[in-house]
Structure formats: C-alpha cells, structure tokens
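Beneath this line is the structure, given in structure tokens, with notes to follow.
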Amino acid sequence: MAVVSWKEILLLTGLVVGCYWNSLSCGFVFDDVSAILDNKDLRPSTPLRNLFLNDFWGTPMAEERSHKSYRPLTVFTFRLNYLFSELSAASYHLFNVVLHGVVCVLFLRVCRLFLDKTSSLVAALLFAVHPIHTEAVTGVVGRAELLSSIFLLAAFLAYTKSTGADHSIVWAPIALTVVLVAAATLCKEQGITVVGICCVHEVFVAQGFTLPMLLDTLRQVLQGKDGFPYAVLQTLLKLIVLIISTLLLVIIRVQVIQSQLPVFTRFDNPAAVSPTPTRQLTFNYLLPVNAWLLLNPSELCCDWTMGTIPLVESLLDLRNLATLLFYSFLALLAYHSLRYRHSSAKTVIMALSLIVLPFIPASNLFFPVGFVVAERVLYVPSMGFCVLVAHGFKIVSHKGHLKKISWLMIGVLLTTHAVKTFNRNWDWESEYTLFTSALKVNKNNAKLWNNVGHALENQNNYAKALRFFLQATRVQPDDIGAHMNVGRTYKNLNKSKEAEDAYLVAKSLMPQVIPGKKYATRVAPNHLNVYINLANLIRANESRLEEADQLYRQAISMRPDFKQAYISRGELLLKMNKLTEARDAYLRALELDRTNADLWYNLAIVNIEMKDPSEALKNFNHALELNPRHKLALFNSALLMQESGEPKFWPEANRRFLTYVEEEPDDANGYFNLGMLAMDANENAAAERWMRKAIGLQAGFRSALFNLALLYSQSKREVDALPVLDELLRYHPEHIKGLILKGDILMNHKKDTRGAKICFERILRMDPTNVQGKHNLCVVYFEERDLPRAERCLEETLALAPNEEYVRRHLSIVRSKMAAMSAAGQPLTSSEGATVTAKEEKPKRVREGAEEVAQGEEEGRVAETVGKGAEDDKNVRKSSAESLEGVAVDQSESLDSSQSDKRTKE
C-alpha cells in the first residue's frame, strides 16, 4: 500500500484552500444561528457537563422540543472556537476548511487500499472540490459531518490493520476502532455506520469471499457436511466483537435520548405523514434525487423541505421511472461486486458500502427524519461516488485511444467543480444571499420565502420583508409560521389591526385539541406561540387584558409544560396587579426550568411588588448564581440592597453596580447609583466622580444633576452647586426641589434675595400649594424688611399647613418684631430692602431652611434616585413587564419564525 506523500498532501491542501478561502468572509447563516449564536453551551459560563446533557442546539435532551441530535464533541469544538474568538465567524469557517483538508488526506489514504496511486489521487481531488460539500464545509454546523468523517475514516484505517501477517487477529487495532467509532458517533450519529463498512471490508476484501462462496459455505454447514472453516470462524469472531460494541453504543444512544424520537411535522417532511403508497413512493424517489445531486451539482439549494419536491402520489407518476432506473443500476453494481473476487469487484463493493451505509440514517426508508433532502448528509456518501468515478477513469484511461480523452474529461470535471464550489461559497455569505440563491432553484418552498423575509427583517426592512412573508402564505396557505411572520411584521409596521387578523388566521389553522393525544405530535410546538403573540398584541389595550389572559390559558391547556406561556402570563398578571397569581405562574415555570436566570429575576420583581424585599433579594441571587453577568439582576439587586439602608449590604451592592457598568458601560444609571452609594458612605470624592460620569453619558440627567448639587451643598461647596443647578433647570425648568435648593443657596450664601425670590415665585406659579416654596418666599420678604408682607405670607402658609410648627413659630417671630418696631416708632417696611443685621432676631430661615433642605435631601435620595431605564422621581426597576417584553414576547416571536420556519435541524 502506497503511503500519502508530502507533495500529495500539499496538492490537496492547496486545492481545498483555493476552493474555500472565500468562505472565511461568510457569516453565521441558517442553522448556524441556533447552533452558534443562540447556543448557551458555547459560553464559558455554562458548565462543561451541559454538553453531554443537551442536544446539538443546546436544548436539554429530556425536553420534547429537543431534536435528539447528540453531538457533544462537535459542540465542544464550537466552544473552543468561542474561547479563542468568541463569535468571530471567520475562525469557525477557518476551522471547517482545515478539517475538510484533513478529511481529504485521510480519504486519499483510504483510497490507496482499493485504487492505484493515480486513480486514488483523482478520487481525492474530486472529493476535495465537489460542490455538494459547500453546505458541510461553508455552513458552520456542517462541522458535524467533517469531524464524524475524520473519526470514521480513522476507524476504518485502524480496522484494516486488525489482521496479522499470519492471518491472526490483532486486537489492539480492533479496540482502537471501537474507540474511534464512539468518537465518530459523538460527532454525528451516522458515524456508527463505519462498523458496517468494516464488516463489508472484512468479508469481501480482507477474506476475499464472494456471495456465492458464502452461500455455499452456509449450505454445507446446514447440511452437516463440514464445520465452519478456520478463516470463517476468525471473521465471525471479529464481526461479533464489532457488532456487540455497536449494539452497546446504540443502547447508550437510546438511553441518552430517553427512548424518544424527535417530533417532526409535515412542513419539515411532508412524505413522513402521507398515507401509503405516497410515503413509500416519495421516499424511494428521493434516492435518485440525491444521486443526481452527486452527478450534477449544478442547482444546489440550502433547504429542500415543504413543496420543493412534490409528493409522488401515484404509480403512474413518471418519476417512478427514475426510481426504477436507480435501483436497477445499484443492483447491477452490487451483482458485479458480490459475484467476483477480482480487484475491480472489491473496489466497487467498498465504494457501494461508502455510498449506501452512511446514507441509510438519512434516507427516510427506516425512520423519518426532519428533512426531505439535505446536501450535507451526502458528505460521506460522496466518498463512495468519487471512488466509483476514479475507478471508471482508471478503466477508461487504460484503453489507449481513450487515454487522452479521459484525462481531458477529468481535468474539465475538476475545474468546473472547483469553480462551482468557489462561487457557491458566496451564496453562504449572508442569509439574504443564501435564501435568494435558493429561490432561483425552487420557488415552491414557503420556508425559503419566509427566510428571505427574515433576512430583510433583520435589516429592519419590514415593508419588503412583508412581501416575502405574504408570498409564503400564497405558496403554502396552511403554513402557520408564515401567517405568524405576517402578523409580526404588521406589528413592526404599527398596523395592529392587520397584525391581529394575521394571527387569527394562524390560530384558525391550529388543530383542535384531541383528548389523550399529544399536541406536539401534530404541529411544531413553536406554533403554539401564535397564542403568545396574539395575546401580547391585544393586551396593549387595557380593556382586553382578560382576553389576553384567556389566550395564555388556552396555550397552557394545550401543553401544560409550555414554559413560555407561564412566563408571559405571569407578566400580564403582574400588570393586572394579580400578584399572587403572577407569582404562581412563575413558580410553575420554574418547576419546568429551574436553570432559567430570567425566571428567577422576574419572580424577584413580583416579590418586590408584593413588598417582600428579602424574598426578592433571594431570587435575584438565584438568578446571579445561574448567570453571574445577568445585567438586570445585578442592577436591581444592588438597588434593593442600597434601598435597604443597611450598611452591611453596601459593599456587595457596590460590587454589583461595578459589574453592571462593565456589562453596560454606556448606561448612566449604573454610574449614578454608584454615586448614590458613595454618598451614603460619605465618600464624597467618589460620589462626585460617579455623578459626573453619569451626567457626561446622559446630558440633562435630572436625578444625577440634583444629587450632585445636593452633594456640593452638603460639602459646603455651594458655589460649585449653582452651575449644576443651572444646568438642571435648563433641562428641567419645573424641577421644584432644584429651585428650592438654588433659592436657599442664593439667599443664605450669595445674599441674593432677588434671585432667591425669583426661584420661589416660579415654584408657586407651578404649584401655589407648595408649602416649602411659600415659606421660603416669606423668609425672602423678611430679609427685604417687608414685615407686613412677610406676616401675610406666613399666615397664608399656615393656612396651607396648619400643623407645621416652624411656620407658626416664624409667624410669631415676625409679629413680635413688628410689635417692637411699632412701639419704637420705626417703619415696618424698608424702601432700601436692607437685610437685618446679625444681631437682630429674625426667623431662623438659615437653620430651618437647612432642616428643610436636609429633609429635601432625604426626599431627593428616595425620590430622585432612578432605576434602570427610568428617570422619574422614585426608584424604578426594570419591571417584569419590561423584562418579559424581551424574554417572552420577542422570544416567542422569534421562535415562531426562527425555529419553525427558518432553521431545519436534523
């Protein structure tokens, strides 16, 4: 057996790089979004063990919506990519190109077992450039095929060394084969089929049996004429070991998926739910369709579901001739390879085993899968196809008069395939380019129209996206997801009436509940989100909240484990002030998923509304245990600690706010609350720094401006406070506390009674009943030596606040002063407006004012502190309603489109 030379490795590697270098500019498209962008198992914060508990898409295997695709080793490589480059798509594509190069080299090594040096190189070169591989190589999720193929080929090569020079069994290569088969299966399920390929090689190549020889041996044994020959016994022993190992792997695999098959619908695979003989005729017709893609990969399509291939519903359908022709050709090849012992027969039988056995799991012949045709599953079968082409080339090229023509044809074939592959890569550049290229091949697939709409929707081009969604409903009128997409797009275009009509059409297409029958077995579970989306739409109308609640309950009645319905209903019940029911809804959702940090967060919000801060803090902490970088939980738990007034909580609150601003460096509210904490701790320099940072990020930040001015006032820096108050009042001219503080500073520190008077008069124009503003204006009159006016002003203030002792005391002081001046014959008003001397007894405005400002400070600390995304006069958290607008509504709307209509998972 000739080994692979460095020149051949460089040739193959160069060819792979030449064909696929432009794939590095492609992004994450189609299934990549679910497998990479939306898959939490890639994140370092997710425990590594989750890779072995969840499916390929990050869904727990125990959940009914799981696609049961168990490929932890493939996901592990995604996680390595994320570790080095996070979500930089180029690194993921580069890794795939490298893996494809490795497969090509291993395939060349395998070909050397059946073909001569030249023919095996032709097979490897054809495999390297075949356009059918673009989905497996350029699509990031195709890595499952690449990794599985590497272990599959390595397992086969290991097994070929299990026979010693004296025809004895060498067990070490067999043990290595079993390990590599397990690894291939953990990359993708079809990896286990290499055991069948090893069995075929052992019987028909290594031992040189033919089918007639096997039948003759079996007949003699059954007739008792002779026992099994020693060679046969050796072969049986090796095959038994392989088969037992395979059965163990199958048993483990069945246990992992908990003996449940994934749920697929007629939209994923229409033939799977069709009656006999339509189902059988269609599935058998798909075999020549796949063969044609290998022979003529000129029209490739990323999605072959729905109406791409119409059902074969009659024996008279002409397409049955293609099926008949395919089976005839396959039978002819099998007959040739099983009847004879020469090298050509061995080459053909191995080529057929590479084509047929790895394709069986995806063939739909033994169990339905979630697709009609998928180009990436042809990655391994194409190896057998390339061997057949190279073997045919070998036969033809040995005929002298056809030698030049055969070389010319191979050259043209390799060149055209390489060019097609290179150009096909550009189709995978973005979702828009991918799905528009697919529409050129097939316009009868509603999913393609939907997906072009999604691509436009991601660009916020809703008007154009709507046209594609509407076309999807025309191509497939009963496509629930398409009508949901129309409804969502109308909603984005602020056309609520049209959106509601579209959702109602989708709802009318849902099957009726059948007692005792699982709902998810008849439609995609994500289609239930039509109830969520419709409810989320109509609850904007306060008069229709009960109607929205009824929709949530209807969804729950269809699927008691529908977590999203509980989440959305909990948010609605909170809005309806049904706090106990909201809490119960979230607790029910947590029974279904205790690892959801958002659920713990929303439950904490309900606890706050129920005036149970200790329970709220406990649930915030649960959320942070699951996701230490949960931004809203960090912010609101820190805010809760800050509001508790207990200094023991302040260091942890400060740490959480600091973590929050690391996550949201442009959110002024985080810095503002750090400033408030620093004020609590009397760390004035830090408080000033944080407040300045908040104001720099958000011009006119009312609460930050007021509290910074308050900080300056407390720190005896009244001069610094005035420009801050001026900025506050420029943005918020009706800010009463700011006017009170400015007036107090002007009067008591700048001795500017005129400026102070303007401030207090502005307050009274806005609010004539404002006791503090009225009282302070009275003090201004006293400062101006207008005692009668000060007396009248204080009398009016006392009428507004008869229980305020300081107003009564100040009125008494003014009246005493007036009496004393009258007795001395002095005028009660001063035309010059001079202020009283320090020795004169006057109303204690400075001290009372200070007390009032101190009280205002406390009001400011409570009333002016703002929460996430809010800037009114009290602490406002990110409410559960705001949170679920992103967790429940938007997610449910993406589910109805992204998962049921956008990505097909094997």
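Positions of Cβ are set from backbone N, Cα and C atoms, glycine also.
TrEMBL entries are annotated by machine, without manual review.
As the structure is a computational prediction, the values presented were derived from the model and not from experiment.
Database features, via TrEMBL:
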COMPBIAS  838-850  compositional bias 'Basic and acidic residues'
COMPBIAS  869-880  compositional bias 'Basic and acidic residues'
DOMAIN    259-330  domain 'DUF1736'
REGION    823-906  region 'Disordered'
REPEAT    446-479  repeat 'TPR'
REPEAT    563-596  repeat 'TPR'
REPEAT    597-630  repeat 'TPR'
TRANSMEM  9-30  transmembrane segment
TRANSMEM  90-111  transmembrane segment
TRANSMEM  140-159  transmembrane segment
TRANSMEM  168-186  transmembrane segment
TRANSMEM  192-215  transmembrane segment
TRANSMEM  236-256  transmembrane segment
TRANSMEM  318-336  transmembrane segment
TRANSMEM  348-371  transmembrane segment
TRANSMEM  377-396  transmembrane segment
(request) Establish whether the number of Cβ pairs under 8 Å between the transmembrane segment (348-371) and the transmembrane segment (192-215) reaches at least three, counting only pairs separated by 6 or more residues. (result) yes
(request) Across the whole of the domain 'DUF1736' (259-330), what does the mean pLDDT come to? Round it, please. (result) 87
(request) Test the contact criterion for the transmembrane segment (90-111) and the transmembrane segment (168-186): 3 or more CB pairs under 8 Å, pairs 6 or more apart in sequence, then answer yes or no. (result) no
(message) Which sequence-distant residues neighbour the transmembrane segment (168-186)? Criterion: at least 6 residues beyond either end, Cβ under 8 Å.
(response) 70-74, 147-148, 150-152, 154-156, 158-162, 192, 194-195, 198, 234, 237-238, 241-242, 245-246, 249, 253
(request) Please work out the helix, strand and coil residue numbers for the repeat 'TPR' (446-479) from the DSSP assignment. (result) 27 helix, 0 strand, 7 coil
(message) Can you tell me which recorded stretch out of 140-159, 236-256, 377-396 has the most Cβ pairs within less than 8 Å of the transmembrane segment (192-215)?
(response) 236-256
(message) Per DSSP, what is the helix/strand/coil residue tally across the domain 'DUF1736' (259-330)?
(response) 34 helix, 0 strand, 38 coil
(message) From the DSSP assignment alone, can you count helix, strand and coil residues within the repeat 'TPR' (563-596)?
(response) 27 helix, 0 strand, 7 coil
